[in-house]
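What follows is a set of notes on a single structure, which appears directly below.
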Amino acid sequence: KGSGSILTPFKTVRLVDGRVPHEGRVEIFHNGQWGTVCDDHWELRGGQVICRSLGYQGVQTVHKGAHFGQGTGPIWLNEVFCFGRESSIEDCKISQWGVRGCSHAEDAGVTCTL
């Protein structure tokens with residue numbers, strides 16, 4: 001497109017609605033659609049995996065209760081259990097894909113370290 005465009009690899013994770021690029025609501029691309037992560041059992045280790053998969057050094061804080069606003073679309077993940085060393089959130093133990101019993105008021109977020 002423009003002369004300043006940079007080709008970047010496709011990402012299955014993004015941070016949305018933060019004040020700066022290294023923070024925001026965690027969204028996962030699955031089955032052709034962006035969706036959110038429920039904050040049940042959302043811990044620093046899961047945030048570490050998200051931040052590192054996006055190229056950041058690590059996680060500073062994990063946020064619960066739709067700290068960065070409520071997302072739309074499906075809530076893809078709930079009860080994500082990570083060791084913190086996984087290369088992708090998909091490598092963590094996930095209770096379920098396509099969540100019931102969680103609302104967008106419980107969307108998870110992170111602030112990553114640069």
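Glycine is no exception: its Cβ is also placed from the backbone N, Cα and C atoms.
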CYS92 - recorded disulfide partner, TrEMBL, among CYS82, CYS112: CYS82
Among CYS38, CYS51, cysteine joined to CYS102 by disulfide in TrEMBL: CYS38
Residue counts (helix, strand, coil, in that order) that DSSP gives for the domain 'SRCR' (13-113): 16 helix, 43 strand, 42 coil
Under 8 Å by Cβ from CYS92 (disulfide bond), same chain, sequence gap 6 or more: GLY46, VAL49, VAL80, PHE81, CYS82, PHE83, GLU86
All-chain count of other Cβ atoms within 10 Å of CYS51 (disulfide bond): 26
Nearest-integer angstrom distance between the alpha carbons (Cα) of CYS38 (disulfide bond) and CYS112 (disulfide bond): 18
